[in-house]
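What follows is a single structure, written as structure tokens, with notes after it.
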Amino acid sequence: MSKRRAGGPYFTNSPTVIVMVGLPARGKTYISKKLTRYLNWTGVPTKVFNVGEYRREAVKQYSSYDFFRPDNQEAMKIRKQCALSALTDVKSYLLEEGGQVAVFDATNTTRDRREMILNFGKENGFKVFFIESVCEDPNVVATNIMEVKVSCPDYKDCNKTDAMEDFLKRIECYRASYQPLDPDNYDRDISFIKVIDVGRRFLVNRIQDYIQSKIVYYLMNIHVQPRTIYLCRHGESEHNVLGQIGGDSGLSSRGKKFSGALSRFMEEQNLKNLKVWTSQLKRTIQTAETLSMPYEQWKALNEIDAGICEEMTYEQIKERYPEEFALRDQDKYYYRYPTGESYQDLVQRLEPVIMELERQENVLVICHQAVMRCLLAYFLDKSADEMPYLKCPLHTVLKLTPVAYGCKVESIYLNVEAVNTHRERPEQDVKRGPSTLMRRNSVTPLASPEPTKKPRIKSLDDHMASTSTSLSGFAASDISTAGQPLLGKACLT
Amino acid sequence: MAASPRELTQNPLKKIWMPCKNGHPERHISQRRVCMTNCPTLIVTVGLPARGKTYISKKLTRYLNWIGVPTKEFNVGQYRRRCVKIYKSFEFFSPDNEEGLKIRKQCASTALNDVQQYLSSEGGQVAVFDATNTTRERRNVIIKFADQNGYKVFFVESICEDPDVINANIVQVKLGSPDYADCNTDEAVEDFMKRIKCYENSYETLDEVLDKDLSYIKVMDVGQRYLVNRVMDHIQSRIVYYLMNIHITPRSIYLCRHGESDLNIKGKIGGDSGLSERGKKFARHLGDFIHEQNIKDLKVWTSQMKRTIQTAEALGVPYEQWKALNEIDAGVCEEMSYEEIQEHYPLEFALRDQDKYRYRYPKGESYEDLVQRLEPVIMELERQENVLVICHQAVMRCLLAYFLDKSAEELPYLKCPLHTVLKLTPVAYGCKVESISLKVEAVNTHRERPENVTVNRSREEALQTVPSHL
């Protein structure tokens, strides 16, 4: 039964194997890693299987490009073995380890190799989607080689020039046997996207489903232009000072001081074009106002909605709703405030922001603690488990610069004091995950102040037990409305 | 550089914080809009007749308007019909019909003038120039026109050689066109095929080399394949994504609300109550209805609120829960009746009547927010085939407005009564809608706009149109 998945469309049962195609230094691994990071962030369990890494395991010491010569039979055997080994791990990941998408990162430049993978997919009930990167701009290729190849383990004992020379010869080894995807004839029935000249042009063939459509959309929005993303929170707010969460208060005097410091800092950065984004809550807008630059307000950047706990302090929440408070600490990522949101909901809400951030160049995002944690988790590839505990203190700017396969992050404290709003993960030993926590979108929180609990309708219970996944450790209370059957179990997050 | 920050004031209707001077809001920043560029966009269709250009134009226009981008289509064929009152035959389109060529060129010119009017003077953001535009010469004229006016150009070319698809198109939309009002089917088809032939010889498809600097998408074989070149900005990226998700496979979308809820009976809005007895009865009837309809591979979607889930449970089929389908958040007014809102927040109540689409409840949402929230739902509905969406009044109004191309003004007043299923079936350029009442009584929750929407109106005037309840 497809009731589980929270908030978004249910992915088809078929896992997907994404297969990279292209000559070396065409950005395959860059795309693989970035795509994997994006899919994981949106909640789709994804993993990269880089055949080059399997090869480095098998052949401890790389000698030269001769290894990749098409007439090197010994090496060809090893390379094929590595590919098969990687596919075995793909199978295990998708069938036994809960993976939904596996990215098979290798050159896969021959029809034979791709045929083998298609058969592998068919045998195991996996959908196959190819991503081919085609680029003949020598500048782009050379830049790639310098950014990620000369420093790779293969070339650890070489100087840069030698490494570059060897790598170029390596590419030539593949060129003669390279059979690009042919949409007009040979490959017209397979699903793929051809990325040409670093995204100038795309050819998309036979998208089968939702996930392939999202992947195509994502690939069309990313770029490789150097740029910087600045993330920070609003200046300290009046609620912050009082320890109250949520709400829509204005800046404290220290918060206003921070705004001035932020303005000076951004000026010093001397950026030619900078976009400034805020939420629609007063405190971020007040912060942006000091910059004297145009800014855009995004409702999607509003702080997490704490529902019935809005504007309370943690002490008050603990006192009034102790069960809710405990539940949140148990599983902060999936926990949804009654009539409010969870971090998981936030991720869904922020996805268009991330997509637009990918399209843009220099951007300063002035947002909020939970929101900033979500965005940061995307850029730094942090798991759902880590995300709600990332440190995003007030009055500190995080400067993110894409580099090689990841993101460099610099933390700049602007020297204006502020309260600390970070709550550490409490010591605990509980199983986490979406099914251990149920949240109904109820007005009534878990520990209702009502002294007596109303009996549940037995028949509904039996019905629920037979149709929903079992839940451990959940104690549902009844809704205060008289005669109302409890439907907590049906409302799975 | 850091001037002392301006004071902020919150717009009472939309609850947007804006800088103000002397108590008056200043128009300095803007709320995030879909199209942040000041540059309007001119979408230009390209393709032989009967390739779905007008279908794409209309659908894209409907989508863009719904997400808040003012868009209008300009169909050159219509200009031609206004100019040449009576269509005689395909010969009008013959490449050596000088008179015909002159008229057609003139019509294109007139249409471009109207485009300019719309984009530069009437606040339009996107114009869709719907014509064959099959020669490079014609396209260059358009590009020059766009350059002069500071518009971005994006081409959408539709290529299809499948004779079944072409025939189906002709039957669906050409036979009923004013051009063939006095012809029988066979004559019309024959003439139209000859019309297509007139264009074929001079057809210059968008070329990988010659047109490498243009921004375009080539849609091939009704979406089997796409070629995308040089997407320049956000709106073009959204257009490409949309075009890649739509399809023309026949299917039906069923929209309905949850069964009557306990709060409905009390005349209260929002909340998360369960179904009343009548609501449960509706759920059972809905289950029967679905089984009778015998719909192939039906997907069922609900919100994450109890009342829609309870309704779906009665169907006995798998369903998916979408938080995005939750009812509009009424913020501080949650679980109040209209009488209570009038009592506690009379100003808010009046503002809402003044502009129901843009009005945002304090700490809540507006219809405008809802549309943004529902966009991924619409996108997925476009991808899917047969779907039943069990949702809520405001949500259903938004979805319906998308399918039936209703404006922001009409949207919040669309009638979506309880216990009624709307069956939407795409047909020709639009959507056929059938309303099926499942014969279970329920309260009326539809409140019309009252006559007096001023903030100093009386309680009676405010509550004039509130439907009766317990």
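One is the number of the first residue shown, and numbering goes on along the chain from there.
A Cβ is built for glycine as well, from the same backbone N, Cα and C atoms used for every other residue.
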### Message
Looking at the substrate binding annotation from TrEMBL, with A:ARG233, A:HIS234, A:GLY235, A:GLU236, A:SER237, A:GLU238, A:HIS239, A:ASN240 already listed, which candidate in A:ARG170, A:ARG175, A:ARG188, A:ARG283 is the matching residue?
### Response
A:ARG283
### Task
Within the domain '6-phosphofructo-2-kinase' (A:8-226) only, compute the mean pLDDT.
94
### Task
Kindly assign A:HIS234 (active site, tele-phosphohistidine intermediate) to one of the three DSSP-derived states: helix, strand or coil.
coil
### Query
For A:HIS234 (active site, tele-phosphohistidine intermediate), what is the tally of other C-beta atoms lying within 10 angstroms of its C-beta?
30
